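Feature list (source: TrEMBL):
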type: DOMAIN; residues: 50-436; note: domain 'Major facilitator superfamily (MFS) profile'
type: TRANSMEM; residues: 53-72; note: transmembrane segment
type: TRANSMEM; residues: 84-109; note: transmembrane segment
type: TRANSMEM; residues: 121-139; note: transmembrane segment
type: TRANSMEM; residues: 145-168; note: transmembrane segment
type: TRANSMEM; residues: 180-204; note: transmembrane segment
type: TRANSMEM; residues: 210-230; note: transmembrane segment
type: TRANSMEM; residues: 258-278; note: transmembrane segment
type: TRANSMEM; residues: 293-313; note: transmembrane segment
type: TRANSMEM; residues: 325-343; note: transmembrane segment
type: TRANSMEM; residues: 349-370; note: transmembrane segment
type: TRANSMEM; residues: 382-402; note: transmembrane segment
type: TRANSMEM; residues: 414-431; note: transmembrane segment
Amino acid sequence: MRNIIALIAAFRYAATKALITALRGVRVTESSSASAPVGVLPATAARLRLPRAAAFGGIAAIVVLFLAASSAPSPLYVVYQHQWGFSATTLTAVFAVYVLGLIAALLVLGALSDHIGRRPVLAAALLLEALSLLLFLTADGVGTLFLARVLQGIATGAATTTLGATLVDLAPPHAPARAGVVNGVAPISGLALGALGCGALVQYGPAPTHLVFALLLAGMLVAAIVVVLLPETSPRRPGAAASLAPRLGIPARLRGDVLVIVPILVASWALGGLYLSLGPSVAATLFGLHNHLAGGLVVTVLCGTGAVTAFALRRVPALRLLRPASLLLATGTAVTLAGMAGAGLAAGIAGTVIAGVGFGASSLATFGTMARLAGPAERGELFAVAYTIAYLAFSLPAVAAGLATTATGLRPTAIVYSLAVIVLALAALAARELRRSRA
């Protein structure tokens with residue numbers, strides 16, 4: 001226990017120094033402003049800063065890292081459930097408290113980086129994420145899991161919108177759409193890698209409930225170095241305290257374009273919530289796949305297919321993807337539903353791949369549209385709205401599914417949940433066609 005306390009104290013000291021360095025780095029001198037690239041604030045000559053292209057790549061990697069950390073516990077839920085004997089309701093509650101912390105951070109901190117700068121918010125988020133990983137490393141019961149997931153949710157919420165806005169800030173002037181592509185691809189890539197890596201480590205590695213979190217903690221330390229070297233891209237401006245008041249708002253000029261993508265955002269992330277919370281249980285109970293790597297692959301097939309799809313379609317205009325994304329999401333979920341209802345594993349895999357293509361296309365369509373529409377001072381707040389909607393869809397249905405599983409069983413719950421996703425995907429298609437008819 002003393003070693004753990006010493007480790008926490010040492011990390012706090014190192015992270016605090018990094019945060020102070022980041023805060024100081026926001027101060028700039030006027031003499032260097034002439035040579036600063038567009039979207040990057042000038043830095044003093046005495047301070048080392050990453051080039052714009054390297055900074056963009058570093059931020060994209062940090063997005064992947066945060067989302068990998070968020071999905072890593074998914075293959076472990078079954079292990080924890082076996083060790084500590086809790087119900088499916090408790091399992092999905094552990095999953096959902098992460099989202100509650102994340103949404104709280106989105107509502108309170110979503111626009112903060114627009115006022116105090118990107119680097120201070122990212123530094124604080126990394127510190128909090130590291131503390132949550134230390135809690136996972138030392139977890140000895142459900143209570144510690146709840147606390148770790150809440151802290152992880154707050155850290156991810158604080159980081160997510162700031163990272164998304166920073167990518168837009170740092171996007172190459174000759175390829176501004178690249179930020180939308182990365183904002184669509186990186187999160188689902190992280191979800192896929194986290195679940196797959198953790199599943200493999202749990203099945204084949206030593207210390208299954210510890211090693212993955214130690215590796216993620218090391219990754220966060222590297223990310224902290226990147227943030228210290230990051231050029232600041234958002235000038236300080238008044239209103240930081242006022243921005244902490246919880247609110248969700250979409251600028252009037254953007255509402256029509258944003259609201260038309262909400263149904264597909266909800267449908268895709270609701271499906272993702274089912275896979276991340278109950279996917280390994282579905283694999284074990286309904287398809288007889290008791291290998292922990294298989295439990296991780298359930299998430300990876302959906303999210304990995306989505307990431308590949310989003311990258312492959314990166315040159316397609318975002319709004320053109322809404323219709324095929326809705327159709328693919330509905331079709332894939334229907335095929336997976338047939339597999340769960342008795343058609344077998346092959347149908348389940350095929351349906352997950354098809355739904356994954358729809359998931360990737362919908363992610364690219366929604367976040368690509370956001371990146372294209374938002375002005376510099378609107379990015380943090382608009383991404384906060386998008387992620388709040390996405391994570392509500394991600395968590396609330398999953399909690400309801402946990403309650404229903406405890407009451408009625410896993411198979412009927414998964415079938416009803418899948419039907420709801422199909423309805424939402426078709427509603428997204430209808431909303432898109434209605435918008436086109438009125439244009």
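Even glycines carry a Cβ here, placed using N, Cα and C.
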Spatial neighbours of the transmembrane segment (293-313) far in sequence, C-beta under 8 Å, 6+ residues away: 71, 74-75, 78, 181, 184-185, 188-189, 191-193, 195-200, 202-204, 271-272, 275-276, 279-280, 282-284, 321, 349, 352-353, 355-357, 359-361, 363-364
Proximity of the transmembrane segment (210-230) to the transmembrane segment (84-109), 3+ C-beta pairs under 8 angstroms: no
Cβ pairs under 8 Å between the transmembrane segment (414-431) and the transmembrane segment (258-278), at least three: yes
Selection from 180-204, 258-278, 382-402, the stretch that has most Cβ pairs under 8 A to the transmembrane segment (325-343): 258-278
Interface present between the transmembrane segment (382-402) and the transmembrane segment (84-109) (three or more C-beta pairs under 8 A): yes
Best-contacting stretch, by C-beta pairs under 8 Å, relative to the transmembrane segment (349-370) and drawn from 53-72, 145-168, 180-204, 382-402: 180-204
Paired segments the transmembrane segment (382-402) and the transmembrane segment (145-168) in contact, 3+ CB pairs under 8 A: yes
Residues from the same chain, set at least six apart from the ends of the transmembrane segment (258-278), whose C-beta lies under 8 A from its own: 71, 74, 77, 88, 91-92, 95-96, 188, 191, 195, 250, 298-299, 302-303, 322, 325-326, 329, 333, 352, 355, 358-359, 362-363, 365-366, 369-370, 373, 382, 385-386, 389-391, 393-395, 397-398, 401-402, 405, 410, 413-414, 417-418, 420-421, 424-425, 427-428, 431-432, 435
Tertiary contacts of the transmembrane segment (180-204) (same chain, 6+ residues out, Cβ under 8 Å): 56, 60, 63-76, 79, 160, 164, 167-168, 211-212, 272, 276, 291-300, 302-304, 306-307, 310-311, 314, 318, 359-360, 363-372, 383
